[in-house]
Amino acid sequence: MVSSTTSEVQPTMGVKIFSAGVSACLADIITFPLDTAKVRLQIQGEGQASSTIRYKGVLGTITTLAKTEGLPKLYSGLPAGIQRQISFASLRIGLYDTVQEYFSSGRETPASLGSKISAGLMTGGVAVFIGQPTEVVKVRMQAQSHLHGIKPRYTGTYNAYRVIATTESLSTLWKGTTPNLMRNVIINCTELVTYDLMKGALVNHHILADDVPCHLLSALVAGFCTTLLASPVDVVKTRFINSLPGQYPSVPSCAMTMYTKEGPAAFFKGFAPSFLRLGSWNVIMFVCFEQLKKELMKSRQTVDCTT
């Protein structure tokens, strides 16, 4: 990503969007059980989510879910997760370079920190509004329990879209847009800008070449910084999206209820699976993204040479 440090032909916007979407979907498939564990830990202690089963730690949560609800439960909501990455990650990551160039007006080499942050803000914000319905369905599918005696709210992904729209309202599919917007603005800026800066520093100071080890290390650093900053907003977003109608009058009310009933530590519930998930997700996505861009451009150049 993001600022090229080589003389290779630059990927087109279409190549970047396609590469981002494919890489994000692959990363989501591999790391989805960690995301499900994160959601369960985040809603633990909430009124409607309380049960006799307590989740402890990342592996403990995954093991408990597999034993009590079956292995498929770890991937409940995956179709919505894939839809989310297609509509969300492909735009926020794929358009980042193009928007960054727009803000720098092509005059800054390399682009300034302000241009990078502005690009992250814009692409993250636009992507949230487009992909929010998939986020709502994904979280609710991950949060609902299939334990004996508890009737699931939804029988499947598409049933969830229909039930939410008909029994609550169409606007409910955009429930939690405010905290999700805050979360993803933080994530997009921190993730992309940190990765961009880290990669640039490693390459420009000749510590690592612009290749897989550089991409891997940059992605890990970006994942940790992003998780640390986004965790409080992420927990509030998950609680608010998963809440029953009228449970929380507003996002601030949800945050205040968490603080008064569970204390400040509640805002960092699920931090370990969040970092494991986001760190591993970043590594898979960014490494695949970089390599896929290169291979697609090589293929395009080969086709151009033969025609």
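Glycine residues also receive a Cβ, built from the backbone N, Cα and C atoms like all the rest.
Annotation comment: Swiss-Prot describes Lys56, Lys269 as fatty acid 16:0 binding site, evidence class similarity to another entry. The Cβ of Lys56 (fatty acid 16:0 binding site) lies under 8 Å from no Cβ of any same-chain residue at least six residues away in sequence.
Cys254 (cysteine sulfenic acid (-SOH)) counts 23 other C-beta atoms within 10 Å of its own C-beta, drawing on all protein chains shown. Feature annotation from Swiss-Prot assigns cysteine sulfenic acid (-SOH) to Cys254; the stated evidence is similarity to another entry.
Sequence annotations record features per position, and here Swiss-Prot assigns repeat 'Solcar 1' to 11-102.
Here Swiss-Prot flags 111-201 as repeat 'Solcar 2'.
Per Swiss-Prot, the feature repeat 'Solcar 3' maps to 210-295.
Annotation comment: Swiss-Prot describes 1-10 (among others) as topological domain 'Mitochondrial intermembrane'.
Assigned with DSSP, the residues of the topological domain 'Mitochondrial matrix' (33-73) fall into helix, strand and coil as follows: 26 helix, 0 strand, 15 coil. The feature topological domain 'Mitochondrial matrix' is assigned by Swiss-Prot to 33-73 (among others).
Look at Swiss-Prot and you will find 97-116 (among others) tagged as topological domain 'Mitochondrial intermembrane', backed by experimental evidence.
Listed as Cβ neighbours of the topological domain 'Mitochondrial matrix' (134-178) (distance under 8 Å, sequence separation of 6 or more from its ends, same chain) are residues 35-36, 39-40, 43, 49, 51, 53, 68-70, 73, 76-77, 79-81, 83-84, 87-88, 128, 237-238, 240-242, 245, 251. Among the features that Swiss-Prot reports, topological domain 'Mitochondrial matrix' is placed at 134-178 (among others), with the record citing experimental evidence.
Annotation comment: Swiss-Prot describes 196-212 (among others) as topological domain 'Mitochondrial intermembrane', evidence class an author's statement.
Summarising the annotation, Swiss-Prot assigns topological domain 'Mitochondrial matrix' to 233-266 (among others) and lists an author's statement as the type of evidence.
The feature topological domain 'Mitochondrial intermembrane' is assigned by Swiss-Prot to 290-307 (among others), with an author's statement given as support.
Annotation source Swiss-Prot lists transmembrane segment at 11-32 (among others), citing sequence analysis.
Under the heading transmembrane segment, Swiss-Prot lists 74-96 (among others), citing sequence analysis as support. Proximity of distant same-chain residues to the transmembrane segment (74-96), defined by a Cβ-Cβ separation under 8 Å and at least 6 residues beyond the stretch ends, is recorded for 1-2, 13, 16-21, 24-25, 27-29, 32-33, 35-37, 62, 65-66, 119-120, 123-124, 126-128, 130-131, 134-135, 137-142, 144, 157-158, 160, 184, 188, 192, 285, 289.
Residues or ranges marked as transmembrane segment in Swiss-Prot: 117-133 (among others).
Taken from Swiss-Prot, the feature transmembrane segment covers 179-195 (among others). Beyond its flanks by at least six residues, the transmembrane segment (179-195) meets 1-2, 92-93, 96, 113, 116-117, 119-121, 123-125, 127-129, 132, 135, 218-219, 221-223, 225-226, 229-230, 233-234, 236-237, 240-241, 251, 282, 286 of its own chain at Cβ-Cβ distances under 8 Å.
Take the CB of Lys269 (fatty acid 16:0 binding site) and look out to 10 A: across all protein chains shown you find 25 other CB atoms. Between the alpha carbons (Cα) of Cys254 (cysteine sulfenic acid (-SOH)) and Lys269 (fatty acid 16:0 binding site) lies a span of roughly 15 Å. Contact between the transmembrane segment (267-289) and the transmembrane segment (117-133) does not hold: fewer than three of their C-beta pairs are under 8 Å, each pair 6 or more apart in sequence.
In the three-state DSSP assignment, the secondary structure recorded for Cys254 (cysteine sulfenic acid (-SOH)) is helix. Residues of the same chain lying 6 or more positions beyond the ends of the transmembrane segment (11-32) and with a Cβ under 8 Å from any Cβ of it are 74-75, 78, 81-82, 84-86, 88-95, 97-98, 277, 280-282, 284-286, 288-289, 292-293, 296-297, 300.
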